[in-house]
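Copied over from Swiss-Prot, here are the features:
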| type | residues | note |
| --- | --- | --- |
| SIGNAL | 1-24 | signal peptide |
| REPEAT | 27-33 | repeat '1' |
| REGION | 27-111 | region '10 X 7 AA approximate repeats' |
| REPEAT | 34-40 | repeat '2' |
| REPEAT | 41-47 | repeat '3' |
| REPEAT | 53-59 | repeat '4' |
| REPEAT | 60-66 | repeat '5' |
| REPEAT | 72-78 | repeat '6' |
| REPEAT | 79-85 | repeat '7' |
| REPEAT | 86-92 | repeat '8' |
| REPEAT | 98-104 | repeat '9' |
| REPEAT | 105-111 | repeat '10' |
Amino acid sequence: MKTTLIKVIAASVTALFLSMQVYASGHTAHVDEAVKHAEEAVAHGKEGHTDQLLEHAKESLTHAKAASEAGGNTHVGHGIKHLEDAIKHGEEGHVGVATKHAQEAIEHLRASEHKSH
């Protein structure tokens with residue numbers, strides 16, 4: 001009985017630690033993808049390519065929202081807001097403003113990997 005209880009506790013603790021690792025790596029992977037696509041959005045925005053800026057900003061937003069659901073912090077939330085603003089302004093043809101918002105999103109998303117508030 002005592003051995004069985006110890007095995008159950010050990011298995012539970014192991015499962016807890018493994019799930020925490022998956023949780024953390026899922027958040028990080030989505031933030032990394034969000035940053036990658038936001039960087040592409042900025043690069044295209046600087047070239048005046050509105051359609052490509054929008055494509056990458058939308059993909060970045062998808063990953064930023066997934067990162068938020070996986071335990072993102074306030075920086076992820078700010079990044080999401082800037083991506084939404086980038087998309088809004090891009091759709092209105094304001095490529096310069098959209099590019100600035102995409103750049104702000106990158107800064108917040110990168111900061112989210114270093115701080116937990």
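Every residue, even glycine, has its Cβ placed from backbone N, Cα and C.
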Of 27-33, 53-59, 79-85, 86-92, 105-111, whichever stretch has the most CB pairs under 8 A to the repeat '3' (41-47):
53-59
Selection from 27-33, 53-59, 105-111, the stretch that has most Cβ pairs under 8 A to the repeat '7' (79-85):
105-111
